[in-house]
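In TrEMBL this protein carries:
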| type | residues | note |
| --- | --- | --- |
| ACT_SITE | Cys152 | active site |
| DOMAIN | 4-144 | domain 'Semialdehyde dehydrogenase NAD-binding' |
Amino acid sequence: MTLSVAIYGASGYTGAELIRLLTVHPDVKITALSAESNAGKAMADVFPQFAAYDLPRLTTIADLDLAPVDVLFCALPHGTTQTSLKAALETRPDLKVVDLSADFRLSDPAMYQHWYGHAHQAEALQTEAVYGLTEIHREAIAGARLVGNPGCYTTTALLPLIPLVGAGVIDTDNIVVDAKSGVTGAGRAAKVATLFSEVAEGFHAYSVGNHRHTAELDQELSLAAGVSVAPTFTPHLIPINRAIYATIYVTGDPEAIHATLAERYASEYFVNVLPFGEVPQSRHVRGSNFTRLGVVADRRPGRAIVISTLDNLVKGASGQAVQNMNVMCGLDETTGLKQLALFP
Ligand SMILES: NC(=O)C1=CN([C@@H]2O[C@H](COP(=O)(O)OP(=O)(O)OC[C@H]3O[C@@H](n4cnc5c(N)ncnc54)[C@H](OP(=O)(O)O)[C@@H]3O)[C@@H](O)[C@H]2O)C=CC1
Ligand SMILES: CC(=O)N[C@@H](CCC(=O)OP(=O)(O)O)C(=O)O
């Protein structure tokens, strides 16, 4: 069976990355694409790399026909998503939806209001949505109609930390996540903060002590640990296009930490645990859906440094979204996603 797929927000970075992945997916046909300022254009006018593909023209969401669609990917800015998806699911309650924004990641409406500064516009859907960290919530995702794809920083940090807090091999009160992102993490819309001259030849922390991905970390780590967990998290912007690179400081026996991760991910295709003491590099995941994890012993006994890296546009967004679609539609989870990293 060929799945008919639509993308809201196709003219952005994650929308374009979805198209790059889905054009080689054997079970998918892209039947509708939306844009806002770019509505009316051909996709190749926005991203010339797609000129070789026969893709639908970009329309506004209002003009997009959902009637033939089986799966809807939503790659819109936060806040715009909840009303758009509420309307889509009222029109087509049988749609399967993967949302890449933050609108359906937090299950508690009060928590959403606290971190995003306004009441959620689709609370019933917020409660229904499943958190789309595939390796952790695979069974729930398989039965879901709406999946809230995790943030890029959170996927990077949660893949190593959830098994560790779940197994009780680290101290849940002493977790520090020091993470770096490439600039595509901020999207394609023009902003002074992402100009070349603002980003090149330097780097800086931002949203220190209050980045909204902290809420996702707390939600998922507390669920896995069974107690309240509130890690320290600091994001940084670095002058490269793609990658999240998280250096995570934890308290616990380094070899037990490594053994826990190696065992947990032994049969997971997209999560690779390196031999003890080896350090992953972002260039080895660039363009791929893989996450690479390393564990190194700190010089102080009983402490370890866990390093996790992925491509923010692939496993951190569009790749994991396709992985979730595969799970929701009963396909082999790796379908269309086996590309290796683009290196060098
Ligand atoms: N970039 C990343 O690495 C990651 C992003 N995400 C999340 O995914 C979502 C998309 O991100 P990204 O692709 O980077 O963002 P972009 O800014 O690159 O793209 C946004 C898209 O949404 C469209 N759009 C903007 N405003 C509206 C509106 N009011 N109504 C309808 N459509 C609108 C844009 O259309 P047009 O350009 O034609 O105006 C464009 O297609 C965001 O919620 C983001 O936080 C999640 C994980 C990682
Ligand atoms: C570099 C950069 O600006 N990154 C974005 C995170 C992108 C992402 O994963 O997540 P969301 O879907 O939650 O936006 C930020 O810090 O807001």
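Using the three backbone atoms N, Cα and C, a Cβ is placed for every residue, glycine included.
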For this session: Can you see whether DSSP assigns the residue listed as 'active site' to helix, strand or coil?
Result: helix
Seminar exercise, completed: In this predicted model, the domain 'Semialdehyde dehydrogenase NAD-binding' (4-144) has a mean pLDDT of 97
Exercise. Can you count helix, strand and coil residues in the domain 'Semialdehyde dehydrogenase NAD-binding' (4-144) using DSSP?
Worked result: 52 helix, 24 strand, 65 coil
